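Undergrad: The structure is given below, and queries will be raised subsequently.
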Amino acid sequence: MFVDLLIAGSMAQALIEVERKFVPGPDTEDRLQELGGTLEHRVTFRDSYYDTPELSLMRADYWLRQREGSGWELKCPGRPGVSGPHTEYVELIVESDIVAQLCEVLGTEVLGAGGVAAVLGPLKLQEVASFVTKRGAWKLVLSGAEEEEPPLRVDLDTADFGYTVGEIEALVHEEAEIPAALEKIHSLSSMLGVPVQEKAPAKLIVYLQRFRPQDYQHLLEVLSPSKKPQGTKAPDSSLG
């Protein structure tokens with residue numbers, strides 16, 4: 001099983017988000033209910049991704065997103081040397097941190113104290129993808145888990161261009177907790193009937209493949225094989 005490892009928030013105070021994407025079936029929500037899951041809410045939002053005309057950020061494995069109602073986020077490659085069947089990213093959500101990182105990646109002197117929107121023009125960043133997602137957010141505590149254990153979260157997303165993808169997520173505080181989180185995700189995946197080797201691409205990757213095929217091919221050329229879903233020719237699946 002391939003699982004993505006994301007470190008959310010600032011680098012100083014980080015939670016580790018262990019997740020797995022999968023393709024939901026027509027009975028996934030019914031199965032979640034049978035397992036004791038609770039539907040927390042349904043929400044609709046727009047994600048817009050920004051990059052240079054040459055896709056300088058994505059080609060370096062950096063992913064800049066503005067989510068409607070949530071603000072800006074930059075996913076950056078994680079620390080090297082972390083072994084295991086996952087990909088590690090650092091998620092920056094503080095705008096000053098995002099601006100500093102963008103300037104570093106693009107080889108530009110750090111620009112003023114303004115937010116991300118203020119540096120889009122100077123850094124030649126433009127919208128390269130934008131789509132609306134309808135999400136059903138579920139939470140579930142596996143049978144036999146201790147009472148104080150945080151629930152697993154399951155998001156079921158349908159993008160407005162006709163692609164549906166699910167994600168099982170566990171949050172932990174330390175890397176030592178990752179194996180247990182992986183086991184819980186594996187258990188729930190099995191209960192939902194997800195094939196062990198299945199690895200679903202992220203919404204952004206499918207969007208680029210369908211609507212910007214030349215850009216998609218350019219990404220395939222530069223991203224390492226470890227960043228591509230097993231059994232498909234696509235960049236990393238942790239995005240979007």
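Placed from the backbone N, Cα and C atoms, the Cβ positions cover glycine too.
TrEMBL feature annotations, pasted as is:
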type    : residues                                           : note
DOMAIN  : 15-211                                             : domain 'CYTH'
BINDING : Glu17, Glu19, Asp155, Glu167, Glu169               : Mg(2+) binding site
BINDING : Lys21, Arg65, Arg67, Lys75, Arg135, Glu167, Lys203 : substrate binding site
Undergrad: If you measure Asp155 (Mg(2+) binding site) to Lys75 (substrate binding site) at Cα, how many Å is it?
TA: 19
Undergrad: Sequence gap of 6 or more, C-beta under 8 Å: which same-chain residues meet both conditions with respect to Glu169 (Mg(2+) binding site)?
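TA: Residues satisfying the criterion: Glu17, Val18, Glu19, Leu152, Arg153, Val154, Asp155.
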Undergrad: Go through the binding-site residues Arg65, Arg67, Lys203 and tell me which ones have a CA within 10 A of the CA of Glu167 (Mg(2+) binding site).
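TA: Cα filter at 10 Å returns nothing.
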Undergrad: In the structure shown, which of the binding-site residues Lys21, Arg135, Lys203 has the fewest Cβ neighbours within 10 Å?
TA: Arg135
Undergrad: By a simple count, how many Cβ atoms lie within 10 Å of the Cβ of Glu19 (Mg(2+) binding site), its own Cβ left out?
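TA: Excluding its own Cβ, Glu19 (Mg(2+) binding site) sees 20 Cβ atoms within 10 Å.
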Undergrad: Considering the binding-site residues Arg65, Arg67, which residue's Cβ sits among the greatest number of other Cβ atoms within 10 Å?
TA: Arg65
